[in-house]
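According to Swiss-Prot, the protein carries these features:
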SIGNAL    1-16  signal peptide
TOPO_DOM  17-43  topological domain 'Mitochondrial intermembrane'
TRANSMEM  44-64  transmembrane segment
TOPO_DOM  65-80  topological domain 'Mitochondrial matrix'
TRANSMEM  81-101  transmembrane segment
TOPO_DOM  102-255  topological domain 'Mitochondrial intermembrane'
BINDING   H189, C224, C228, M235  Cu cation A1 binding site
BINDING   C224, E226, C228, H232  Cu cation A2 binding site
BINDING   E226  Mg(2+) binding site
Amino acid sequence: MFNLFPPFGANTAIFNDAPQPWQVGFQDGASPTQEGITELHDSIFFYLVIICFGVLWVLSSVIVNFNSNKSQLVYKYANHGTLIELIWTITPALVLIAIAFPSFKLLYLMDEVISPSMTVKVAGHQWYWSAEYSDFINEDGESIEFDSYMVPETDLEDGQLRLLEVDNRMVVPIDTHIRFIVTGADVIHDFAVPSLGLKIDAVPGRLNQTSVLIEREGVFYGQCSEICGVYHGFMPIAIEAVTPEKYLAWIDSQA
């Protein structure tokens, strides 16, 4: 743990959304998008459990009751049943509809950029990220921009995460509609932060955009999710979400 703004005293960054060793499930969602993804996953998983047990029960019943060892005649007459055919045709269709509509709704919401209050331009390089805050101008009349490299393992301090910590974090405010415009400078990369529900391709010559609203303070980690070369696994992403007051103080420090 360490202070984001040492001159301001006890403002300590919170590592509450970092991945855990041997973690299988989702990280805690910190945006409406990730919360929606988690909810959709849980709903579909519920359907899958019922389907698996239902199919297992039918198969077990058929194996036990309709086998040639038990009766050589009974299975010969089980060759047609209009009702059961309707059931196994209509039921999967209803299940697919129950899955499809929430999925489409979430996909359209993820694709919508709703009146962003600020824009962060992100470019993927081999093998680091660069960020530009074009909404803010420093004393030289230039936008705020910086490169973000992974901190080598030998330089890590107490509390910093191996292969995830960077020298310059992307600092953004909470409770603010933020637009990320993402591109690639050389090859295809992928800008992904699981706890924020962000995953967008960084393609050279193309601008892709997505939006996010972060609901709480914290440090949110991600990695390039598109194989981009020999050091693909060494270009992490670290987004630090702070209150608007701390964010403005950070902007002043960058200017």
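In case you wondered, yes, glycine gets a Cβ from its N, Cα and C as well.
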Sorry to bug you, but what's the C-alpha spacing from H232 (Cu cation A2 binding site) to C224 (Cu cation A1 binding site), rounded to the closest Å?
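Here the two Cα atoms lie 7 Å apart.
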So which other residues, same chain and not among H189, C224, C228, M235, have a Cβ within 8 Å of the centroid of the Cβ atoms at the Cu cation A1 site?
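The surrounding set, listed in chain order, is G124, Q126, W127, W129, V187, D190, A202, Q223, S225, E226, G229, H232.
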Do any residues of this chain, six or more beyond the ends of the topological domain 'Mitochondrial intermembrane' (17-43), have a C-beta under 8 angstroms from a C-beta of it, and if so which?
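Those are 99, 102-103, 106, 109-110, 161, 164, 194-198, 212-216, 218-221, 241, in sequence order.
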Over the span of the topological domain 'Mitochondrial matrix' (65-80), how high is the average pLDDT in this prediction?
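PLDDT averaged over the stretch: 63.
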Count the other Cβ atoms sitting within 10 Å of the Cβ of C224 (Cu cation A1 binding site), across every protein chain shown.
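For C224 (Cu cation A1 binding site), the 10 Å Cβ neighbour count is 25.
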Between E226 (Cu cation A2 binding site) and H189 (Cu cation A1 binding site), what is the CA-CA distance rounded to a whole number of Å?
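Cα-Cα distance, E226 (Cu cation A2 binding site) to H189 (Cu cation A1 binding site): 5 Å.
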What other residues of the same chain, not counting C224, E226, C228, H232, have a CB atom within 8 A of the CB centroid of the Cu cation A2 site?
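Near the Cu cation A2 site, beyond C224, E226, C228, H232, sit G124, W127, V187, I188, H189, D190, S225, I227, G229, M235.
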According to DSSP, folded down to helix, strand and coil, what is H232 (Cu cation A2 binding site)?
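Reduced to three states, the DSSP call for H232 (Cu cation A2 binding site) is helix.
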Does M235 (Cu cation A1 binding site) have same-chain partners at least 6 apart in sequence with Cβ under 8 Å from its own Cβ, and which are they?
G124, W127, Y128, W129, M150, H189, Q223, C224, C228
Using a 10 Å radius around its CB, how many other CB atoms surround E226 (Cu cation A2 binding site)?
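For E226 (Cu cation A2 binding site), the count of other Cβ atoms within 10 Å is 17.
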With the cut-off set at 10 Å between Cβ atoms, which of these binding-site residues ends up with the most neighbours? Options: H189, H232.
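Within the set of binding-site residues, the most crowded position is H189.
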With H, G and I counted as helix, E and B as strand and the rest as coil, say where DSSP puts E226 (Cu cation A2 binding site).
coil
Other than its own, how many Cβ atoms are within 10 Å of the Cβ belonging to C228 (Cu cation A1 binding site)?
21
